[in-house]
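A short write-up of the structure that comes next.
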Amino acid sequence: MFLSCLLIHVENTKVLEGCKSQTSVHSLQRLCSHCCCALKAIFYLFFLNDLFLYYIWSAFLLKMLSVFWMPQPPTITHQSPKDYIIDPRENIIIHCEAKGKPPPSFSWTRNGTHFDIDEDPNVTLKPHSGTLVVDISRAKAEHYECVYQCTARNKHGTAVSNNIVVQQSRSPLWSKEKVKALVVQEGVSLVLPCRPPAGLPPPIIFWMDNSELPQSSRVSQSLNGDLYFSNVLREDSRNDYICYARFPYTQTIQQKQPITVRVLNQEPADERKPTFLIPSGPTSSKMVLRGQVLEMECIAEGLLTPDVSWTKVSGDLPAKRTSFLHYQKTLRIVDASESDAGDYRCTARNRLGSVHHTIHVTVKAAPYWIGGAPRNLVLAPGESGVLTCRASGTPKPSVSWAMNGIPIESERNRKVEDDTIIFTDVQTGSSAVYQCNVSNDYGYLLSNAFVNVLSETPRVLTPANKVYQVIKNHQALLDCASFGSPIPKITWFKDSRSSTLDGDPYILHDNGTLEIHVAQARNSGKYTCVARNILGINENHIYLEVKDPTRILKQPEYKVVQMGRSVVFECKVKHDPSLIPTMTWLKDDGELLIVDSDSLTITDVTENDAGVYTCVMNTTLDHDSASAELTVSELFYIAALPAERPDPPTDLELTDQKKRGVQLTWIPGDEHNSPIQKFLIQYQDSLHHRGHWHNLTEVPGTRTTAHLKLSPHVHYTFRVLALNAVDFSRPSFPSRGFKTEPAAPDENPTGVQGFGTEHDNLVISWKPLSGLQSNGPGLHYRVMWRQKVVDSDWTTVTVANNSKFVVSGTPTFVPYELKVQAVNDYGAGPEPAVAHGYSGEDLPGAPTSLVVTNPNLDSLTLEWSPPHDRNGRITGYTLKYQPVEELALPANETSVTLPNLKYSTRYKFYLNAKTVRGAGVAISQEAVTVIDEAVASRQVDIATQGWFIGLMCAIALLILILLIICFIQRNKGGKYPVKEKEDAHTDPEFQPMKDEDCTFGEYSDNEDHKPLKGSRTPSNGTVKRDDSDDSLVDYGEGGDGQFNEDGSFIGQYSGKSASRETAEGHESSEAPSPINTMNSLNSFV
């Protein structure tokens, strides 16, 4: 069945285009053609090895085949004609084919009664068919000349065929008769009768002698086969005028006995005016059936031979359906209609006069359909429907109805009104086949139409995700073939499905096809076809791509070239980039020259090369062409022309408009003798930077199209400049404006960083987006932060019109994770990257430890550990020590060796760390450089000398006396004159040194008892708190004893020393050092 369907497709059409649905498929009868289309497409795509489309169309075929599985009453699909003439020499085949689900069974009637095929051994039925086959090898054909009718039935109904009248073809012999010779006078008229035997069908008549008899305006054959002579001539004399009859079915020819004609020339005949041989009299009438051929003839005699002409008395002859035969003697009008009724006049005329005859024509009509035969009706339970059998004829035909072959009348759910049956509230199981019989005196029409009561959810039969491609400004037709019961209602949506497509520019046809009369680029997109009835819904997605038209931007130009030279024709073309182009060059009458090149070069030109050259650009959807002429001359001089900058491009056009892109095309200006090297495309943003042109992109000089990538929320205007070897052209006129739709930002701010300006804040800063980067109105920033070391949630704030945000109340110098996201009215930008920063810094804590190592004669090494509470990035250390020295140390060092120190000297060191906020608390430590052994040995030697011993005793005695005096004076409440002197003359530049600023602070009882220079030191180089036997600090008042820059003591005695002695008693039994004693004396001097 499918292969037979394939044969009915119109040839010379594109295979896949032929499968596009043009009619509704709500009727089951339409499904066969769609399946044939799908099968044909599958074969085609299989050979093309396009597996993707192959599977799509295969699924489409399976979907439609599933419809065939549904119940269906019988339908007659093929039957023999009503008047069936058979060849008696061949088997009789009476056709009857029908379809249905389940497949129908067949039976026949003959002459109105049941025909039992099984009882006739000469008659069989073809398998799976109702076609009768009569074997006439054992029977005579005339025994089967009867009226037959076929019946096809299944459980859903019964269909019947026309009454088929079977007659065998006949070609009887001519009856034998004696034909006498005809003797006539020259110039008179003559009729040779043929009178062929009646055959079935009627034979074809023609006259011959030894060869085919020539006819003219004087001699012609009438419609009934007789041969008419308007006047005879002597050359008409012959013995073998023979009339032949050819019977087409049997392919036999019968001939009449030859007729002899003798023409006498006894006296010349007189000329006479015309008279009609046929028809006779002044008027006649003729009847013709509608749709048949109307033939009227007027054959006149006369001398001279008359000419015949025709007119219609009541109007004009139908020019397209009218022809004249037999030298104007026969008027023929094909496909007669009611408008052809009326009076027709034939006129025969020669120079002696004329004669007229009027033929009155009436047109009768066998019944014919108005609007087609009744259509099958598919209803759902509870629905209503109408079967219409609308026909006409002359006279008016009568209409009768039958159901499953049995005449019917009105009943409860079915009302019969002349040519209409009205069904109401149909129920399951009421499916049937209805026969409509329309008849009058000239014929009848019999049609079957089933009413199928089905409950079927909608099915969309058009292949899913089908892509339609059309050229801009052309018509687009999107199909939505569907099936369902009740008949589905079709609605269309585009993209977001916000509203149905039922107004301009869309036209929805009854069969579900959506038409866009003039397709534009904005019509491209995804369309959804929805089929809906009370039982369900089904949808299908279809895609429309509107392509830019192919257009030749620069046509080939007229050329004059000298023989032997070369010439180049150029053809610059713009086409839709998604279509595959093919460029072809033709010459004159279509000679193919070259393919797939936009230029044609002809070398060594000869005069044969002159002609018209045409470039043709073809795509899969359209084409364009242009031509130019080449003239070849023998002498041709070309003067060298100076090069100038090119003219500006023209005709800027924006096509293929998308959300973030557009295609710009233009026509190049005159090159002025220097080829264009490139085109510069500039844009102006009238929304953000009106009046400023910015470079966008460049394209080679051979191109006239550019695909531009654009940003959202910009009001673009474009212009193009051309560059050759001389300079840029002037800018082109601006293109029309193109606005891109706003969108969420594509990027987030860069340069995100975090830092503190106070010890308890965090400043988050970033580089803001530009107006072009914002992608839409309402730009603001979503600022997020959280502590890095703590598993905490993000804190988020929104910031607008600023590029920083200050977070207060943060812990000191804590690492943070930071994010800044751009947001506008249309959404947020991409997920931002995580940046890192620290809150503000503060003064650092004291170094964790400070240790003296490697003491030498004039150097030692200090080692320390960084502070536990850094409160920021350690930028360095400050080391201060006695005598007052200050040393800046890098942050990455934790030890230092101090050279060039004084030997045998006690040093106190203060070390503090620094951040950007300043120096922190200091840690202190003391150390003594190693004593020089040579000096020590000299001291021992002096001490053993007698003079030194005597001197020391005297000094000791003197000190004792002074101490006694001092004791007495103190008891009296007096002060030392030195104290008064120092109180009166305090050094104004003296500044106490405090621990917190790394200076030497005051000494008191409560602090370490620091030994002075020259005191004994343990072997490890450190001084213990309780090992000092004495200290000048103890003699200072309130611990205010100070050292000058050279380390000398500048304090004074006070009552505190006495009290301390009283309190301590004899805690230390060690004698005072002589060196200490000397130092004490020096302080009084």
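Every residue gets a Cβ built from N, Cα and C, even glycine.
TrEMBL annotations: computationally assigned, not manually curated.
What TrEMBL lists as domain 'Ig-like' is 74-161 (among others).
What TrEMBL records for 172-260 (among others) is domain 'Ig-like'. Residues belonging to the domain 'Ig-like' (172-260) score a mean pLDDT of 88 in the model.
Positions annotated as domain 'Ig-like' by TrEMBL: 274-362 (among others).
The feature domain 'Ig-like' is assigned by TrEMBL to 367-452 (among others).
Annotation comment: TrEMBL describes 458-533 (among others) as domain 'Ig-like'.
Note: the domain 'Ig-like' (549-633) comprises 3 helix, 49 strand, 33 coil (DSSP; helix = H, G, I, strand = E, B). Sequence annotations record features per position, and here TrEMBL assigns domain 'Ig-like' to 549-633 (among others).
As annotated by TrEMBL, domain 'Fibronectin type-III' applies to 648-743 (among others). In terms of DSSP secondary structure, the domain 'Fibronectin type-III' (648-743) contains 0 helix, 53 strand, 43 coil.
What TrEMBL lists as domain 'Fibronectin type-III' is 745-842 (among others). Mapped onto DSSP classes, the domain 'Fibronectin type-III' (745-842) shows 0 helix, 47 strand, 51 coil.
Residues or ranges marked as domain 'Fibronectin type-III' by TrEMBL: 846-934 (among others).
Feature annotation from TrEMBL assigns transmembrane segment to 947-968.
The compositional bias 'Basic and acidic residues' annotation in TrEMBL covers 978-997 (among others).
The region 'Disordered' annotation in TrEMBL covers 978-1085.
Here TrEMBL flags 1058-1069 (among others) as compositional bias 'Basic and acidic residues'.
Annotated compositional bias 'Polar residues' per TrEMBL: 1070-1085, in sequence order.
Scored on C-beta pairs under 8 angstroms, the neighbour of the domain 'Fibronectin type-III' (648-743) with the top count among 172-260, 274-362, 549-633 is 549-633. With helix defined as DSSP H, G or I and strand as E or B, the domain 'Ig-like' (274-362) counts 6 helix, 54 strand, 29 coil. Each residue of the domain 'Ig-like' (458-533) gets a DSSP state, and the totals for helix, strand and coil are 3 helix, 37 strand, 36 coil.
When DSSP labels each residue, the domain 'Ig-like' (74-161) comes out as 7 helix, 46 strand, 35 coil, counted as helix, strand and coil in that order. Contact check: the domain 'Ig-like' (274-362) against the domain 'Ig-like' (172-260) gives at least three Cβ pairs closer than 8 Å, residues 6 or more apart, which meets the contact criterion.
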